[in-house]
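Data block below; observations after.
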Amino acid sequence: MFGDVVETKPCQPKVPMDLFHSGQVVKICAPMVRYSKLAFRTLVRKYKCDLCYTPMIVAADFVKSAKARDSEFTTNKGDQPLIVQFAAKEAQVLCDAARIISPFADGIDLNCGCPQRWAMAEGYGACLINKPELIQDMVRHVRNQIDNPRFSVSIKIRIHEDLKRTVDLCQKAEATGVSWITVHGRSVEERHQPVHYDAIKIIKQSLSIPVVANGDVKTLKDAENVHHLTGADGVMVARGLLANPAMFAGYEETPLKCIQDWVDIALEHGTPFTCFHHHLMYMMERITSKQEKKVFNVLSSTSAVLDYLNDHYGV
């Protein structure tokens, strides 16, 4: 299903729903705060990632402030297909954000899974899984006001302790015209507990729209296993891609070529130093000794990092 390591070259961009109907498992880069920005999306797309999400953007800020729009969202011609993820709790606000973004992206995703305290306190994220009617209202609004039928509207959820409630929520969302549902197979309280792949399987069997499985996928082999365990149409990866952006192309650990690509892309995009450095720390986690990490992780300028990579890896 996933293919072996092959030389990567970009193919024709597809509308997200076409990917789900391709017969292949859709390989997806998750929305990650601070990390799934344009430069990193550009990198993973070089290594067999089919679909990328932006980090979560608070829809109300995005609608109100041009400054928020400029700092939160950047894209370019090669950055497709692209899903913009929003945190929202009011149908019209989500709709306004979707309208602003629709010329530049292929769809929006409503975050119904973020378990962070601040998000839940604001009425965003995972607290929405207890408000299926509100989710329906938001989806319906976007569907009615964006006249491009190929523009996708998806949701990303966590599961309830009582799975019947999750199935009910998903069926209600499906009835309202959601394009697909991404399921992180843990409840709001669960952080590092094993992922409930059996729950994702039950959800998949209860729906006729595509389902994406999310949680604890670290390698291409894991992705394949999760597909077999759940029947999911796609697999979404967060930390696994941070540690190895070439994961979907079948590499067990980050190849030097990928590190070189990151340096080139990050410099070209003017990536801030902290972000540039953090990504490298993640990518080199498995390929550097404790001693090397001690030195590398405290470097404090782009030139110091470039010198280090050149001296130690010929990058």
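The chain as shown is numbered from 1 upward.
Yeah, the Cβs are placed from backbone N, Cα and C, and that goes for glycine too.
Note on the domain 'DUS-like FMN-binding' (29-292): its mean pLDDT in the predicted model is 97. Among the features that TrEMBL reports, domain 'DUS-like FMN-binding' is placed at 29-292.
Sequence annotations record features per position, and here TrEMBL assigns FMN binding site to Pro31, Met32, Val33, Gln85, His184, Ala238, Arg239. In sequence order, Tyr53, Thr54, Pro55, Met56, Gln85, Asp109, Asn111, Lys156 are the residues near Pro31 (FMN binding site), counting only same-chain partners six or more apart with C-beta under 8 A.
According to TrEMBL, the active site, proton donor annotation covers Cys114. Cys114 (active site, proton donor) has a Cβ environment of 23 other Cβ atoms inside 10 Å.
The C-beta environment of Ala238 (FMN binding site), restricted to residues of the same chain at least 6 apart in sequence and closer than 8 Å, consists of Ala30, Met32, Asn214. Maximum C-alpha to C-alpha distance over the listed FMN-binding residues Pro31, Met32, Val33, Gln85, His184, Ala238, Arg239 is 17 Å. Distance noted between the C-alpha atoms of His184 (FMN binding site) and Cys114 (active site, proton donor) is 10 Å.
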